[in-house]
Amino acid sequence: SKLAALFEHPLYNIPIPEVTEKDKLFIVNPMEKFSLHSSGSDEWVSSSKAETLLPTGKTAYDTYPTWLKFHVGINRYELYPRRDPLLPTLLWDLATQRIISSVQKSGGTQLKLIMTFPNYGQALFKPMKQTRDQETPIDFFYFSDFERHNAEIAAFHLDRILDFRRIPPVSGRLVNITKEIRDITTDKKLAKTFFISPAGNVCFYGECSYYCSTEHALCGKPDRLEGSMAALLPDKTLAKRRSWRSPWRRSYHKSKKAEWELNPNYCAQVRETPPYDRGHRLLDLIDMTILDFLMGNMDRHHYETFEKFGNDTFLLHLDNGRGFGTHSRDEPSILAPLQQCCSIKKSTYLRLQLLATQPYRLSDLLREALAADPLAPVLAEPHLWALDRRLGKVLAAVRHCLAR
C-alpha cells in the first residue's frame, strides 16, 4: 500500500504541539455518559430519548457514538488525527447507518439534504448531478457550475493525503429516494417536489436558487441515487464558527474583475491587513489555494474557523463540490496567492515534493484511497492524471519564487 507507506514517512509524523485543555474544542467530563441536551436547535434531541438507544461501555467515552468521538477529538491544530482509529468506522457509519430523517438544508445555491441516523449523528447529503466523465462546459461561469458529489468525496481524501486534515470525513452512498427521502421527510416544501418521470423513475428537485426545477430534477434508477455523505461539524450553538471572506475571492460578476486580478502587488496590502499581518493565517490560506488548484475549484469565496481558537488555528476547507469539474485544462488564476505572495510552509513544500516522486505519486495515492469508497471509481482516470500535471505546476511556481 502506497498510502500506508506515505503515512509512515517522517514528513507525515511531525508531532503537533501538546494539546492542552484550552486547545480542545470541547472540555468533556470523563464521568458523564453520553446524552444530548436540547440546545434550541432541531439538530439535537432530548437526553431521555438518547439514553434508550446508546451503547454502554466501561468508561463514559465508550458510550459515545463515533460522530461524537469525532467532535470531541477536534482541537486547535487538527480536525482529526493522522492515525485516527475512528476514521474507518465513521466512514462506514456514513455509508451504512439507517437514515431516519431527511430534510433540505436551508441556504446555499443548490440542493443539499441533512440526513439523521438513529444514534443522532447527522450528515450532509449532496446528490449526484452528472456522470463521472462529464466535464464542465467551457462557456460555464464558475458560479453557475454544478456541485459534484464525487468532488466532495475526492476532496476529503486529497486533503488528508496533503496532510491538511481540514475537511470533515466524507463517504459515498447509494440512497433509496423513496424509502430514505420521500417517505420519511418532514420537510413540506421538499415533499411537494417529488414526481414520477415518464421513464418511471422517482425524481425530486427541492427549492434553491440554482438548478431546483423540473428541468434539473434529480432522478433515481428507478429510485436509487448516488450522493456524498459528509459528517456534520458540531452544531454552531455549541461550537461557534467564524466565516472569513477570502482576500482572493472572485468578483462573481460576468465581466468585472476582482482587485487581485488587476494589481500584481495585491499581496503587500493583504500582509498588512488583520488577520494576515501575523501568525500563520496567510500560509494556511496558501495551503487551501494549493488544494483548490489541484482539484480545479474556483469557488472559494469564504472559509471558516472555530471561534474558540481565535486567529491561531487551522482553516476549515468546507464545500468542495465545484472541484474536479475539468481535467483537460488548468486554471492558473487559482494559484494567485502563492504566486503573488511567494510564500509557502516549508512542511507543505516538502510534502508536495515527496508527492511528485514515483514511490508516492499523488495520482496513485488518491486512486488507492478512493478505491475503498462505496461508489468507487469516484473519479474518472483523466482527473487523477491531471493531479500530477497540476502538482508539477505548483512546484514550478515555488521554484520561480525561489529564483526571484
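Positions of Cβ are set from backbone N, Cα and C atoms, glycine also.
Quick look at what TrEMBL lists:
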- Asp299: active site (ACT_SITE)
- Gln110, Lys126, Glu147, Ala230, Ala231, Leu232, Leu233, Glu304, Asp319: ATP binding site (BINDING)
- Glu147, Asp319: Mn(2+) binding site (BINDING)
- 194-403: domain 'FAM20 C-terminal' (DOMAIN)
Could you tell me the maximum Cα-Cα distance in Å between the residues recorded as binding ATP, namely Gln110, Lys126, Glu147, Ala230, Ala231, Leu232, Leu233, Glu304, Asp319, rounded to a whole number?
20
Taking just the CA atoms, what is the gap between Glu147 (ATP binding site) and the residue listed as 'active site' in Å?
10
On a count of neighbouring CB atoms within 10 A, which of the binding-site residues Ala231, Leu233 is highest?
Ala231
Roughly how many Å lie between the Cα atoms of Gln110 (ATP binding site) and the residue listed as 'active site', rounded to a whole value?
14
Cβ-Cβ under 8 Å from Asp319 (ATP binding site), same chain, 6 or more residues apart: which ones?
Asp299
Quick check on the recorded positions: of Glu147, Asp299, whose CB has the lowest count of neighbouring CB atoms inside 10 Å?
Asp299
Have a look around Gln110 (ATP binding site) and count the other CB atoms within 10 A of its CB, chains all included.
19
